[in-house]
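Report on the following structure.
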């Protein structure tokens, strides 16, 4: 039973998250306190969910891309572009609070995000360029495009309905949590209740074999990149609406790295073929909790990078077969001398 | 056929560079001068050094994302030791170079022995180096040490009234050494062999472990040397120096005709790749009305064109 528990793919991510939360509880007993103010809930835990929402969204998209043995480096740029487009449209309207304007802004920025996903997907599936390289193009050029849209400045908007997306409350919880929940639900249903998830895993473990088996590998890859960009686009809108401004230069900076990190922590292998959506969500929450914790302890937030470096390394080492073998070998050697002897005689 | 197919990407790059420089010369007065050309080297000396190290990594089939952070860490360590601890530069510079090489070799060892993707390992290295900068200080440390300022201001005059800086000499020395290493030594050939097919290299009995670790060590060393040059250039240490430089470096290598799948590429092409980025920036500054973000868009477009070109060329080779 205990063995089965440890083998579960969510065991390690959840233990890390629990350890982090426990540390926070010991460090500051107020950490878990949630107060009700004006009918809305406030507290560190709610903040983690609220500020972590864009990262969770991007990571969900990234999980599916990585499951096809791909990677999408352009998500950070897409976050910047979609925020910039949405804020530009809202800021140029005569009445910034009109619902029509808001819907136009959201629809056009999400449409653009999907188109950028098509660009990535076509490069990977039709032109058969390595995913790292194909998405690198948009990662470099995308930042420039975002700055082009904002003319290198920070666009600020003053629109209550637009601000609601990222900073508003619904049923006394931040609205962004519901967006994340909806996207997660759709992704999970599509991936686990239809054959799509199986297709994605199949393409990830062997695209050629999948194509020969009658799967449209190209279409699967294309749709995965489109979905990833769409997620990044939604994240961009949430991020820009949370601060009511769009910054082409800094919005979504390093998001691709955090998202990849979240996916890897969640147990999805970068070699493709297997993915865990819930693991990714926990991974993203770990990163956000880590950031919050570091802020709370009072060390400079930039130190987060050092901690992240060790987390990445540790997770990758655990996933590495060569490393596990060398550790297991030593462990077994110590524990079962008789077995060791049998092994040497047998060989 | 006189022209070997493998030289086509490099020649295309060189032709593009000439065309861009010619276009600039026709459009702007004062563009066509030896000093503008030399300024390309002066302003991009650190990028040339980094890109040379990156070329080896990419030719071997890997990637190194940590270069920009290692540069930042080098400037930071140099500034902290020289300015705050009062160490002499003759001790500090060898020390930071060794530090860069050790940093690279550790990453190389992890990549090889634990069989983890270079992308992830060097990503961790990037976080680590950038984070260590902030452990030292989160502010800029200005350097006013006599050696550093004189290295920054020394101008080596060339015939014709133009000049170059000390950094350019260092960069050119690195380039010459790298060309020698890549094409005239056993190690260089091993790097190409591993990039072509690692499995075959293992089966042929080539020293794969040693070569792979050496490649990352060399890249780390180059980044640290670029960091020293960058310190000359900026005369300060700061954790936000050289942010995103890894992308510029990879772009320069790709534009220079190196295949990202490994096995094919030239140091000379990489140098031209860096110069093309320099020309784009120079043209944009001469134009005056264009904003800096056009650099990124143009570099993205060039990346796209060159990657497609490589794709077409390598497909033809297969059939």
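Cβ from N, Cα, C; glycine included.
For the transmembrane segment (A:9-28), the list of distant contacts is 44, 265-267, 276, 278-279, 282-283, 285-286, 289-290, 292-293, 296-297, 318: same-chain residues at least six beyond its ends, Cβ to Cβ under 8 Å. Marked as transmembrane segment by TrEMBL: A:9-28 (among others).
Annotated transmembrane segment per TrEMBL: A:48-66 (among others), in sequence order. Away from its own ends, the transmembrane segment (A:48-66) comes close to residues 72, 75, 79, 131, 173-174, 176-177, 179-180, 183-184, 187, 191, 200, 224-225, 227-232, 234-236, 238-239, 252, 255-256, 258-260, 262-263, 266, 268, 270, 272, 275-277, 280-281, 283-285, 287-289, 292 of its chain (Cβ-Cβ under 8 Å, at least six residues beyond either end).
Annotation source TrEMBL lists transmembrane segment at A:73-94 (among others). Within the chain carrying the transmembrane segment (A:73-94), a Cβ under 8 angstroms from the stretch's Cβ atoms is held by residues 54, 58, 61-62, 101-102, 104-106, 108-110, 112-113, 116-117, 120, 132, 135-139, 141-143, 145-146, 149-150, 155-157, 159, 162, 228-229, 231-237, 239-241, 245-256, 259, all 6 or more beyond its ends.
Feature annotation from TrEMBL assigns transmembrane segment to A:100-119 (among others).
Residues or ranges marked as transmembrane segment in TrEMBL: A:131-150 (among others). Within the same chain, residues 65, 69-74, 76-78, 80-81, 83-85, 87-88, 116, 119-120, 123-124, 246-249, 251, 256 sit at least 6 positions outside the transmembrane segment (A:131-150) and bring their C-beta atoms closer than 8 Å to a C-beta of that stretch.
TrEMBL lists A:170-191 (among others) with the feature transmembrane segment. With a cut-off of 8 Å between Cβ atoms, the residues of this chain six or more beyond the transmembrane segment (A:170-191) that come close are 36, 39-41, 46, 49-50, 53-54, 56-57, 60, 64, 164, 197, 200, 227, 231, 234, 238, 242, 275, 277-278, 281.
Non-local neighbours of the transmembrane segment (A:212-239) in the same chain are 53-55, 57-58, 60-62, 64-65, 67-68, 70, 72, 74-76, 78-83, 86, 106, 109-110, 112-114, 116-118, 120-122, 124-126, 165-166, 176, 179, 183, 187, 196, 199-200, 202-203, 251-252, 255; each lies 6+ residues outside the stretch with a CB under 8 Å from one of its CB atoms. The transmembrane segment annotation in TrEMBL covers A:212-239 (among others).
Here the transmembrane segment (A:251-268) has long-range neighbours at 9-10, 12-13, 16, 54-56, 58-59, 61-63, 66-67, 71-80, 83-84, 139, 146, 232, 235-236, 239-240, 274-276, 278-284, 286-287, 308, 311-312, 315-316, 319, meaning same-chain residues at least 6 beyond its ends whose C-beta is under 8 angstroms from one of its own. TrEMBL lists A:251-268 (among others) with the feature transmembrane segment.
Residues 9-10, 13-14, 16-17, 20-21, 23-24, 27-28, 31, 44, 47-49, 51-52, 55-56, 59-60, 62-64, 66-67, 184, 187-188, 191, 197, 200-201, 204, 258-259, 261-268, 303-304, 307-308, 311 of the same chain, all 6+ positions outside the transmembrane segment (A:275-297), place their C-beta atoms under 8 angstroms from a C-beta of that stretch. Residues or ranges marked as transmembrane segment by TrEMBL: A:275-297 (among others).
Beyond the ends of the transmembrane segment (A:303-323), by six or more residues, the same chain brings 12, 261, 264-265, 269, 287, 290-291, 294 to within a C-beta distance below 8 angstroms of the stretch. Marked as transmembrane segment by TrEMBL: A:303-323 (among others).
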